[in-house]
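Feature list (source: TrEMBL):
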- K222: active site, proton acceptor (ACT_SITE)
- G21, S22, G23, N24, W25, G26, F52, F108, A171, R286, K313, Q315: NAD(+) binding site (BINDING)
- K133, R286, N287: substrate binding site (BINDING)
- 16-190: domain 'Glycerol-3-phosphate dehydrogenase NAD-dependent N-terminal' (DOMAIN)
- 211-356: domain 'Glycerol-3-phosphate dehydrogenase NAD-dependent C-terminal' (DOMAIN)
Amino acid sequence: MSSAHASTNHSSALEKVCIIGSGNWGSAVAKIVGGNVTHHEGFDQKVNMWVFEEQFEGQPLTQIINARHENVKYLPGIRLPSNVHAEPDLARAARDASLLIFVLPHQFIAGACRTLKEHRTIRPGAKAISLVKGLAADETSSGSGPCLVSSLITKSLNGIDVSVLSGANIANEIAEEKFSETTIGYRNRRNGELFYQLFNTPYFQVNIVNDPCGVELCGALKNIVAIGAGMVDGLGLGENTKAAIIRIGLMEMMKFAKQFDSTVRDDTFFESCGIADVITTCAGGRNRRVGEAFVRTGKSFEELEREMLNGQKLQGTSTCQDVCDYLSQRNRGPEFPLFMTIHDICFRGLAPENITKFNRRQTNSKI
Ligand SMILES: NC(=O)C1=CN([C@@H]2O[C@H](COP(=O)(O)OP(=O)(O)OC[C@H]3O[C@@H](n4cnc5c(N)ncnc54)[C@H](O)[C@@H]3O)[C@@H](O)[C@H]2O)C=CC1
Ligand SMILES: O=C(CO)COP(=O)(O)O
């Protein structure tokens, strides 16, 4: 038995779900998953949700969630199913879990994996799915640079199989049961189908594809494009310019993804995780909003995140930094002029007006 998966008591044949994260998306997902475990056979009906504990109006957030069945800080106004239990101790939340849903800002994944590994409470043969849109730092290999969050989870938890879920999924809209689609990328088809059962609803339609790296990279990279779209809005350049940024951004996403992992497939970019997510995030996401405010106010991203997001986290700036460092180290920056321009506006003091002043032809090369 792998040490990471040693367990105290795992006699039940029922799949037991643990949601690792409870932010805006984590809470919306808790509503879906909490409902689906009661509609399908084979699942333990209690769903634990790990909450990074904090005080809200003088009370621990977990106590409020468990008493009111609402995440008053990160998803106010939405009732969570009463079978979702908020738990501040990660090792306890994951005790005997066979299905782990990772839905944390990417910077907190490594820490969560360390705790899970150290406490060894998950069930042998457990499976995971990552809903994280970002890249991780590759701490476990000899090389440096970004790696897929799913790879980090697999390496940290002794080879656990990790599927990914990503799509045009603004959390608040899904929590209000407005129709949307999403994409699950699987390595093991049976696991992909199991997660389909856990997530699919009439208002949240899942498509499963055998391109986990493509699905995951789409989710991470579109946040860079969304910051660029926000800059366009901040400059008041209009919809044609924004469409151009979306198109060029999608091309650079595709080129980067295929260079990063040669298994990535073109058709994945036509799934919800691809073009649809770029459109939705460039219209209504947090990265777009903060990108716009960056141009309008001249404040730093850290300041704007604190002022505008009430504890929610921006994923696009650090992903942009990681991706552009990776490209620069390999002398490939010139092939990605939009990504590099967004990077230089964010981190090098380049004037935002430069968002349209780059050599577009370079984007088209070597796709
Ligand atoms: N919000 C959305 O509409 C969507 C978000 N996503 C992705 O889902 C992932 C999670 O995002 P959200 O649920 O929106 O989170 P969020 O940005 O709303 O909230 C931040 C979360 O981080 C937690 N946190 C703060 N410090 C922490 C620490 N030191 N360790 C662990 N946790 C800590 C907070 O308690 C909070 O739950 C991200 O990768 C995001 O890109 C994906 C689809 C939609
Ligand atoms: O991923 C999202 C929608 O699919 C949300 O994007 P933001 O993190 O920019 O809000």
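Going from the start of the chain as shown, residues are counted 1 onward.
From the backbone N, Cα and C atoms, a Cβ is placed for every residue, glycine too.
Note that the coordinates shown come from a computational prediction; the quantities given were computed from them, not determined experimentally.
Of the listed binding-site residues W25, F52, the Cβ environment within 10 Å is emptiest of other Cβ atoms at F52. Summarising the NAD(+) site geometry, the residues cited as binding it (G21, S22, G23, N24, W25, G26, F52, F108, A171, R286, K313, Q315) extend over a maximum Cα to Cα distance of 21 Å. Only G23 of the binding-site residues listed as G23, R286, N287 bring a Cβ under 6 Å of any atom of ligand 1; the order follows the sequence. In this record, substrate is bound by K133, R286, N287; the longest C-alpha to C-alpha distance in that set is 13 Å. When the Cα of W25 (NAD(+) binding site) is compared against those of the recorded positions K222, R286, N287, the shortest separation belongs to R286.
Break the domain 'Glycerol-3-phosphate dehydrogenase NAD-dependent C-terminal' (211-356) down by DSSP state and the numbers are 118 helix, 0 strand, 28 coil. For the recorded site, G23 (NAD(+) binding site), the DSSP three-state label reads coil. Cα of R286 (substrate binding site) to Cα of G23 (NAD(+) binding site): a distance of 13 Å. A gap of 16 Å separates the Cα atoms of the residue listed as 'active site, proton acceptor' and A171 (NAD(+) binding site).
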